[in-house]
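Everything below concerns the one structure shown next.
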Amino acid sequence: MFSDHRITARRRVGPAAALTLALTLPLGAGLAPPAAADVPPPVPVVGGARLAEPGVQVALGPGAPPLPGGLTGQSWLVADAGSGEVLAAYNAHLRLPPASTLKMLFADTVLPKFDRTQVHRVTNEELAGMGAGSSLVGIKEDLDYSVEDLWRGVFLSSGNDAVHVLAHMNGGVDETVRQMRAEADVLGAADTQVVSPDGYDADGQLTSAYDLTLFAREGLRNPDFRSYCGTRDAQFPGTVDKASGRRGTFGIQNTDRLLGKYPGLIGVKNGYTTNAGATFVGAAERGGRTLLVAVMHPESYLKVYDDTAALLDWGFAAAGKTTPVGALVPPRPVASPTPAAPPAAAHAGASAAAVAAGVGRPGARLLSPESWAVIGAVTLCAAGGGWLLNRRRRTAGPAQADPGRPVGGSTALGRRR
């Protein structure tokens, strides 16, 4: 919407004159781009306006303890997993590399698709394409693994080899990335861009503390997800002994350093790469309340656990004594297939989507002065043309009404799985 700039004059310029003026004015003459205040407002921030503000966001009530000191994460968030209330946050929507915490979204997407007892024989192709220095659980080609084994490799060892095998079972890496993007959209994770399913550093692969909290909250609704992320150690299938023909096992441990140490900790997932630094999402239960904490990019690898523990302590002490500064959005209902929209409706929908995707986002481009001049000229032409057409119709007599065109129908919404 543009501001109402009023122009006073003794005489009004008629539509015909406006049409002539539009056709004779050179592009850009008198048609300046809108001022910054005239730009349409940005798309509403997911989770509430305060979460878009930089710096610490908290509203302490009577008796609430202050936030812990010494926090060094570039972004963090504390939320109640049950109610979805965000108790405090710092740069909640800051987009940063996720490292292996992105495996939570991978699990949200793929875990429900395969029975845990299903057995799969691994091929060499499925182990190809992993990034140099990837964390591995130790999967070997031409050997059988149960789906349960593979998920333990994902959650305990953060094994990119296990992720790639499951992704190939799911239709391939590219297909899995596509599905993860769709899942992020359903969950309301607007800050997330998925490039690889395992979270390995890749250009453009980003997420936020807010989105990571959404992934963890969704995952903990699945009993298998909850079981895997809370497992401290397990035996993993090894190679076959050539002499005896028997297949051995070896032990793997969960790389989550708070598991078994922080009282009431449930999980969920840690991550680390040189580019991303340390990232972690932890969930803990105490007194019937489950809290989620996400911390991204503190000053050191071990500091991510210190910050998480401190924020969990604060959250349990402050619960019920703060005013929420935002909320974790619920998953969006999945739309069921509907007939294709008419061209006009489809175009309108595409335009709305383009505005929603561009306004207020980094990299969004405003129209140039020349473009605004063209838009102004076209608008004036349309107004003048409409005036002339109406005048002709009044002279010739009543015109027949054009048959109406549908502009789109209601969308049938299905349940979230």
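A Cβ is built for glycine as well, from the same backbone N, Cα and C atoms used for every other residue.
Note that the structure is predicted; figures quoted are calculated from it, not measured.
Of the candidate ranges 106-129, 394-417, TrEMBL annotates residues 394-417 with the feature region 'Disordered'. In the three-state DSSP scheme, Lys269 (substrate binding site) is classed as strand.
For Ser100 (active site, acyl-ester intermediate) paired with Lys269 (substrate binding site), the C-alpha to C-alpha distance reads 8 Å. Residues within less than 8 Å, Cβ to Cβ, of Lys103 (active site, proton acceptor) and separated from it by at least 6 positions along the same chain comprise Val154, Phe155, Ser158, Val163, Pro197, Asp198, Gly199, Lys269, Gly271. Here the domain 'Peptidase S11 D-alanyl-D-alanine carboxypeptidase A N-terminal' (71-297) has a mean pLDDT of 98 out of 100. When the recorded positions Ser100, Lys269 are scored by other C-beta atoms within 10 Å, Lys269 scores highest.
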